[in-house]
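Enquirer: Here it is, the structure in full.
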Amino acid sequence: MTTHKNPPLDLVLLQPQIGEHFTLQSFIEMGAMLVLWGAKLLGIWKGVQVSYHGGKYSIQRLLALDAYTKNTSLLSAFLLCIGTPFPMAVVVILQELVPLQRPEDGWRANYGFWIRTTIMAFIVNFTNVGQAPYFISDLTISKLQLALVAGCTSIMFTACAIPIVSHFMFPVPFFVLVFGPMYYVQQIIVFRLVMGARIFHRMLARRDQLVRYMAFVTIQFSLLFLYPAYETLFRITRGTQYQLPVILLLPVIKVFAKNMVLRCTIHVEDMTPEAAIFTVDYFNAIYVATCMQSSSSAAAIAAISFADLSQAIFMIYGLHRHTRTILSRFGQLAQRTSRSNSLLAITSMMCSDPPKFGNQFSQSIRIRSSFPHSLCMDDELLLNKLDSALEATRAGAKCQPCLDDTIVERNSQCLGNFADTQKYRAWYTRKPNDTVYPISSNLIGPVLSTRNKKVLQAALEVLFTVECLVVASYLEAVVPVLYSGYMLTMVHFPSATYHSEMTGITRENVGATVLPVFVFGCLQFYRLLCLQQ
């Protein structure tokens, strides 16, 4: 009978310890590696966010915001938020009231299509041309001129498209893409005829600004094809193993498009939040709602919601941490003023008293905004003094400070009360800052570390980030709610059969279909409320 020798007792006890030690060591190393890679990825992700690029408020926009918060009631601000999307919703509904005919009946019978084409061309032209004065210096376009350019271009576009279509085919696949070049050529011709040669050559003289404006318009035009192509890809991969990667592709598209907008608006920094968000985030919010409505999988809806909300959580958390850091550095300043200890109030107080806080100003801080702002007389006087200091600097003059002990206090009706006899050093400049400041990869906050930077500059960067987050949260909350109302309304229109998003939607199931979209919009409203904390 064969006997098996048992191993020594100490070897039996040692083997589990060796295995346990090896497993724990590997787990710790793996965890450290994951944390390191996660920090690097987070840094890279924040580095491509528009809000993290070091954008900052101008002094004029800061004063205008402070005046608005002091002189505007909460009810007025709420009514403004409710009324802002109202014209867009009215235009969409009125356009849907124009009946559509069967495509098989030909171009002649489809008068509804041509009416809608004219309306669309008018709105697009009115918007594009109306943005030009914000990009190109000393360009003024009256409302009448803007309406004439948009009206003539839209009528000419439709009048030229009809005979072309009649000789080829109807409907034309990718109608906007095919006729887009002709549309913009006609827009340039009409603009030259309405505005005149002097204005036209003045625009050509500012070539750099004109190129950036045209690039911005091109980006807007390209989004008309980028997001529908994404929706097609989403529908193709619906219910397959490729659906999750396609869902994760949507934030990447948004970041890429917003960075393209940033490159076009870097010379008009105050316009960047509105230009990027009301262009890219609007399309993103529309197609998030569309994909969510067309998805029949709860997992896909959850993935879309998580991909969108997780970005907001990271940014809000980083903003909260960085704001606390700035306010702690403002601690001594807050004790010198009887106003509230908010970041906006203290920053405005610093700007209204340059003799005391002049060392906080640097050449990267802009005085004037690219947006027209209506300020009180004292604030305009303050800005004019700063502009005078700028001109003196450019002329090579050495301005000696004549500082007194007067502290400029801002009363409740106006943001500035400036002493007329004071002169300041050349602390201020309106030189455009074409530098994009990247975020350090080891930070959580939305802007660069302020250890080696001026507190005022860091505060202006935080206000820039706050505006980006507030506007984006507002838009991403309003669009899903409006989209839900649009779907509930469209089921009662005969033209619903010609809309791809209405496929399979009836009066009986429309409520259950748009419910996830409406809930998502409510979550975005909660995100907006979190920014008020």
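Even glycines carry a Cβ here, placed using N, Cα and C.
Straight from TrEMBL, here's the annotation block:
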type: TRANSMEM; residues: 30-52; note: transmembrane segment
type: TRANSMEM; residues: 73-94; note: transmembrane segment
type: TRANSMEM; residues: 114-136; note: transmembrane segment
type: TRANSMEM; residues: 148-170; note: transmembrane segment
type: TRANSMEM; residues: 182-201; note: transmembrane segment
type: TRANSMEM; residues: 213-230; note: transmembrane segment
type: TRANSMEM; residues: 296-319; note: transmembrane segment
type: TRANSMEM; residues: 458-483; note: transmembrane segment
type: TRANSMEM; residues: 510-529; note: transmembrane segment
Enquirer: Among 114-136, 296-319, 458-483, 510-529, which stretch has the most Cβ pairs under 8 Å to the transmembrane segment (182-201)?
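Expert: Looking only at 114-136, 296-319, 458-483, 510-529, the most contacts with the transmembrane segment (182-201) come from 114-136.
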Enquirer: Under 8 angstroms for C-beta pairs, at least 3 of them, ignoring pairs fewer than 6 apart in sequence. Is the transmembrane segment (458-483) in contact with the transmembrane segment (148-170) by that rule?
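Expert: Answer no, regions not in contact.
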Enquirer: Under 8 Å for C-beta pairs, could you tell me which stretch among 114-136, 213-230, 510-529 has the largest tally with the transmembrane segment (296-319)?
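Expert: Stretch with maximum Cβ contacts: 510-529.
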Enquirer: May I ask for the residues of the chain that lie six or more residues beyond the transmembrane segment (510-529) and have a Cβ under 8 Å from a Cβ within it?
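Expert: Same-chain contacts beyond the ends: 288-289, 292-293, 301, 304-305, 309, 312, 316, 470, 473-474, 476-481, 483-484, 487-488, 491.
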Enquirer: Could you give the residue numbers and ranges of same-chain residues that sit at least 6 residues beyond the transmembrane segment (213-230) on either side and whose C-beta is under 8 angstroms from one of its C-beta atoms?
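Expert: For the transmembrane segment (213-230), the nonlocal Cβ contacts are 128, 131-132, 135-136, 174, 176-177, 180, 184, 246, 249-250, 253, 257, 260-261, 263-265, 275, 279-280, 283-284, 286-287.
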